[in-house]
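Enquirer: The feature region 'Disordered' is assigned by TrEMBL to 44-77. According to TrEMBL, the compositional bias 'Basic residues' annotation covers 45-54. Residues annotated as compositional bias 'Basic and acidic residues' in TrEMBL: 55-74. Among the features that TrEMBL reports, domain 'Lactate/malate dehydrogenase N-terminal' is placed at 92-242. For 246-286, the entry in TrEMBL reads domain 'Lactate/malate dehydrogenase C-terminal'.
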Amino acid sequence: MAPERRIDPEDEKAYTWDEFEAFYSKKYKAKALAAYWEDCEIKSKKPKGKGKGKAAKEEKPEKAEKAEKADKPKPKVKAKAVVEKKSAGNFKVCVCGGAGGIGQPLSLLMGLDPNVKELCIFDLSVAMVPPAGVAADLGHLERKNTVTGYQMDIGQKPVDHLQECLTGCHLVLIPAGMPRKPGQSRDDLFKINADIAKGIVEACSKYCPGAMLGLVVNPVNSIVPAMAELYKKKGLDPMKIVGISTLDVVRANKFVGIETGKNPNFINVPVIGGHAGKTILPLFSQDK
């Protein structure tokens, strides 16, 4: 029997459970993913015309019911999980460095995410595009969220200016910092970017201590543990400080897709280790 296919409302295409799981496992946890699958409409199959008259009509529901039970993927979840997934959308997110080269597309992704109700864009007044301008553009997206821009002059302390921006945040993304220039060592970069990250993390510890902090500040391998120690000294949970290396996973999936001629949407190569050349470890064997 052919595996059951269901219609994904996002692209209105039919997928098997394996295809669906491979694509969305990076976006949803197992429980939410199974709930999403249950919420998808089953692709209808045209009857083959076997059987005649009333007897055939009476047999059909019973057979359909058995087929449906046999094809349903595991794990099964209660309807409550579906309600929880749909009700998401009340999160406040701040992107610190949101007017920069990485910050702008990152802010766009947050602005498009249905889970984000309030988006704050913070950057320095010397940014090429004013944070208020980025916020104004993203505020025109066809979404229900609100987008606000905040800026600060060089030399000022984030803890003195980010109270309104950070208060109530559930997630703070920090792509702020300087990129590594030719001839510059990671140690040199650390001295510059650690101070930038420290100022923002200290402000977060005061105004949104329960928020998750996603650091995109290089060198990530050194910045993350340093900021985690800062949180420890303040009596806060250091596990709230995480380094974002999604780019490594995206690249691994793309490169494998190119080599194999497969759609990268259905490739999922976990990448463990760190974000430096010597510590990145893509686990190709773990992709189905």
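Here the Cβ of each residue, glycine as well, is placed from N, Cα and C on the backbone.
No curator has checked TrEMBL annotations; they are predicted automatically.
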Enquirer: Express the predicted model's confidence over the domain 'Lactate/malate dehydrogenase N-terminal' (92-242) as a mean pLDDT, rounded to an integer.
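Expert: It averages 92.
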Enquirer: Please work out the helix, strand and coil residue numbers for the domain 'Lactate/malate dehydrogenase C-terminal' (246-286) from the DSSP assignment.
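Expert: Summed over the domain 'Lactate/malate dehydrogenase C-terminal' (246-286), the classes give 21 helix, 6 strand, 14 coil.
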